[in-house]
Amino acid sequence: MTQKIKCALIGPGNIGTDLLYKLKRSPFLEPVWMIGIDPESEGLKRAAEMGLKTCATGVDGFLPHVLEDNVQIAFDATSAYVHAENSRKLNALGVLMIDLTPAAIGPFCVPPVNLKEHVGRREMNVNMVTCGGQATIPMVAAVSRVQPVAYGEIVATVSSKSAGPGTRKNIDEFTRTTAGAVEKVGGAKKGKAIIIINPAEPPLVMRDTVHCLTETAPDQAAITESIHAMIKEVQKYVPGYRLVNGPVFDGNRVSVYMEVTGLGDFLPTYAGNLDIMTAAGARTAEMFAEEMIKGTLKLEPVHA
């Protein structure tokens, strides 16, 4: 039995619960705590049934247990508003934060684009952008690694049922954080992000549209090849990531139309937006965990 790094999940909503299912399968990570703020929460009850310790008094109620249970990684799936405080308190105890909110106080991580850059940087907080960011930024990066992109615009459409209260409270943060990461990680000089929450019944699968304006006439063959190579990289951890149409070339505009089907861990397969976020978060944490198990990464407390 290989050693596993113990983890805590903060926020027992759609994202936190879906992530829990994925961590249960991880060869490097062992989820041991689920932290919420409502003792009646379905997510906390479900986590307890799955054998986790639970706490309904927020991060403050969990702090005394961090060191005794040797928790080294925490995933925050709450809300951008509370993430900074959660991170400060846990970083002070030497816990690495994987931020699944749009708070973006740490550097962005989109695994197929820049995961390897985070190795050896000794960061104690990394941000997973947003579900829309994880689904679309690889496509912007696939174009920008071929030639300069003056403008990148992404539209993420998710089903109403998959967007919980935390997601809805963070719409403005979603658009700002995603647009920022389209620039910083995707490589576009200017980025824009739009989210659409679709109430259709039965719920629709996540769909994503990506438009890039290249500075010069697009090299169609090279861009097409780059996009297909990037899709294969994303499919390594999100098998339901699929090209529906494109790349479509119109002058200097390159358009790509994607859909993301989930594994159906917590919500049914239409909720690909949960999968792409939680799988990316788990993949990122596993990379840090592998380093920790090998002994090449030792977490140090950070005092703000």
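Including glycine, each Cβ sits where the backbone N, Cα and C put it.
On a predicted model such as this, the values are computed, not experimentally measured, just so you know.
What Swiss-Prot says about this one:
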- Cys131: active site, acyl-thioester intermediate (ACT_SITE)
- Ser162, Ala163, Gly164, Pro165, Gly166, Thr167, Arg168, Lys169, Asn170, Asn273: NAD(+) binding site (BINDING)
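Positions of Swiss-Prot features highlighted on the structure.
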| residue | record | Cβ within 10 Å |
| --- | --- | --- |
| Cys131 | active site, acyl-thioester intermediate | 31 |
| Ser162 | NAD(+) binding site | 27 |
| Gly164 | NAD(+) binding site | 18 |
| Gly166 | NAD(+) binding site | 21 |
| Arg168 | NAD(+) binding site | 12 |
| Asn170 | NAD(+) binding site | 22 |
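Other residues of the same chain near the NAD(+) site, with their Cβ within 8 Å of the Cβ centroid of Ser162, Ala163, Gly164, Pro165, Gly166, Thr167, Arg168, Lys169, Asn170, Asn273, are Gly13, Asn14.
Distance noted between the C-alpha atoms of Gly164 (NAD(+) binding site) and the residue listed as 'active site, acyl-thioester intermediate' is 13 Å. Maximum intra-site Cα distance, NAD(+) binding residues Ser162, Ala163, Gly164, Pro165, Gly166, Thr167, Arg168, Lys169, Asn170, Asn273: 16 Å. Distance between Cα atoms for Ser162 (NAD(+) binding site) and Cys131 (active site, acyl-thioester intermediate): 11 Å, as a whole number. When the Cα atoms are compared, Arg168 (NAD(+) binding site) and the residue listed as 'active site, acyl-thioester intermediate' turn out to be 13 Å apart. For Asn170 (NAD(+) binding site) paired with Cys131 (active site, acyl-thioester intermediate), the C-alpha to C-alpha distance reads 12 Å.
Residue pair Cys131 (active site, acyl-thioester intermediate) / Gly166 (NAD(+) binding site) shows a Cα separation of 13 Å.
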